[in-house]
């Protein structure tokens with residue numbers, strides 16, 4: 001306290017931080033990136049373990065022996081689906097009733113804001129403490145959302161559905177099984193849900209434990225676990241796995257049917273059967289034993305899963321990074337904003353050269369005009385509102401006047417508004433209040449930095465991956481942009497680090513990590529597809545990424561763009 005209460009010491013500390021501001025910012029950025037990359041190194045991670053006593057200490061016996069019968073049923077289902085040209089509902093009802101199950105159906109309808117051109121489709125042991133619901137849905141996530149809304153008597157998306165005829169009480173956990181072939185070489189675990197939500201880590205631990213017990217080859221992000229963590233190849237594998245999880249979580253979209261359960265506080269995951277033509281093969285009897293074992297463990301629960309982590313990253317199925325380990329990486333990046341804010345605050349509080357009592361001759365002591373700061377703030381956010389609302393509202397007009405489909409109209413309108421925003425705000429303050437002052441851009445930048453710090457901090461608390469990726473690209477711009485840097489070069493750097501360019505780069509990085517590189521044209525087409533899918537996910541399921549980018553992140557970036565062209 002003595003250091004801060006003593007004016008001389010406080011002034012000395014402030015001068016030191018101001019003088020070393022730029023080196024400290026560079027060190028914080030490099031340290032944040034290095035910390036994040038070090039998270040995949042095995043000695044810095046924790047070994048996964050079962051936290052829930054009801055699942056950890058109780059032994060269960062798997063007796064599923066009907067693998068061949070399941071295979072015959074699956075092939076008969078495929079034949080019926082091909083014959084009907086869609087979901088064979090009547091056949092499913094009869095087949096499930098023949099096995100002694102209570103069967104109910106639900107009808108639903110949903111009007112899409114624009115066509116989804118990516119899809120264009122719409123007996124074991126008998127004693128259980130809990131009901132088991134076997135759910136077969138149509139039209140992928142839309143059907144799953146309709147069932148969840150009907151089951152919980154909610155309507156958050158404006159979908160029309162018929163009431164369910166039966167319920168099984170509060171749902172504690174859900175497993176989505178996705179088998180694209182009757183030949184299975186490994187099982188892949190998918191955890192990422194809507195808006196970056198993750199299930200309780202014990203659910204992933206349960207899957208891994210039974211894969212180890214039964215001898216099933218298991219993967220996460222489609223990658224096998226390596227034991228040579230101390231080698232370059234082992235570390236590279238862990239980094240790739242973790243980065244894939246970060247990119248998928250940052251997208252905010254549900255990566256399987258399980259992703260919609262998480263918003264209802266239901267721990268859920270998807271298990272996908274992979275046929276990668278390895279020599280190792282897993283029959284359906286083994287898969288059945290795995291599912292039976294997991295359900296029997298979950299059957300022992302007396303309460304919801306809550307003992308383990310809800311915020312984590314997985315470099316492999318046997319190791320995890322908790323929130324206490326990965327948040328310092330974001331904190332180091334956020335510290336740059338605080339350092340820059342301190343520097344600006346000191347500059348604004350210091351009298352300008354050649355002044356007496358802090359006043360320049362002939363200048364009023366009221367600082368920058370309110371309009372010169374308020375105008376770009378308002379215009380930037382109005383541009384964000386246009387980016388959020390107009391693509392859907394103007395699609396019909398665009399289709400009538402241009403040779404494009406509805407989906408193309410939405411995407412191209414969004415890109416046009418995004419691009420037009422670059423020309424709108426940066427000279428607006430001159431129209432209303434004349435030339436901007438030196439103090440004016442500093443006040444605007446101080447507002448933008450505090451705005452960005454709060455925005456990124458809140459985002460990282462909800463979806464760390466999205467917040468960290470945005471911080472990687474936006475923080476350097478916020479830290480070093482001024483009206484006095486070379487404008488052409490700085491404008492190019494700002495465009496390359498803008499939210500739209502970040503999305504485009506992320507697509508190429510994701511494809512490289514998936515070992516499926518793409519050409520520039522393929523990347524551009526995928527970029528357009530991702531934009532349309534993001535808008536659809538927001539309208540259909542309530543994904544928050546598109547409104548976050550358009551209403552908050554993009555306007556914040558426009559404020560910095562305005563500072564670059566301040567005169």
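Indices start at 1 and increase along the chain as displayed.
Backbone N, Cα and C atoms are what each Cβ position is placed from, and that goes for glycine too.
Note on TrEMBL: of 281-303, 488-510, the range annotated with the feature transmembrane segment is 488-510. Looking up the ranges 20-41, 42-63 in TrEMBL, the one annotated as transmembrane segment turns out to be 20-41.
Residues 113-114, 375-376, 379-380, 383, 386-387, 390-392, 394-395, 398-399, 402, 495, 500, 528, 531-532, 535, 554, 558-559, 561-562, 564-567 of the same chain lie 6+ residues outside the transmembrane segment (409-428) yet bring a C-beta within less than 8 angstroms of a C-beta in it. Residues 195, 250-253, 376-377, 380-381, 383-385, 387-388, 418, 421-422, 424-429, 436, 440-441, 444-445, 447-448, 451-452, 455, 459, 466, 470, 474, 477-478, 481-483, 485, 487, 490-491, 494, 498-499, 534-535, 537-538 of the same chain lie 6+ residues outside the transmembrane segment (544-566) yet bring a C-beta within less than 8 angstroms of a C-beta in it.
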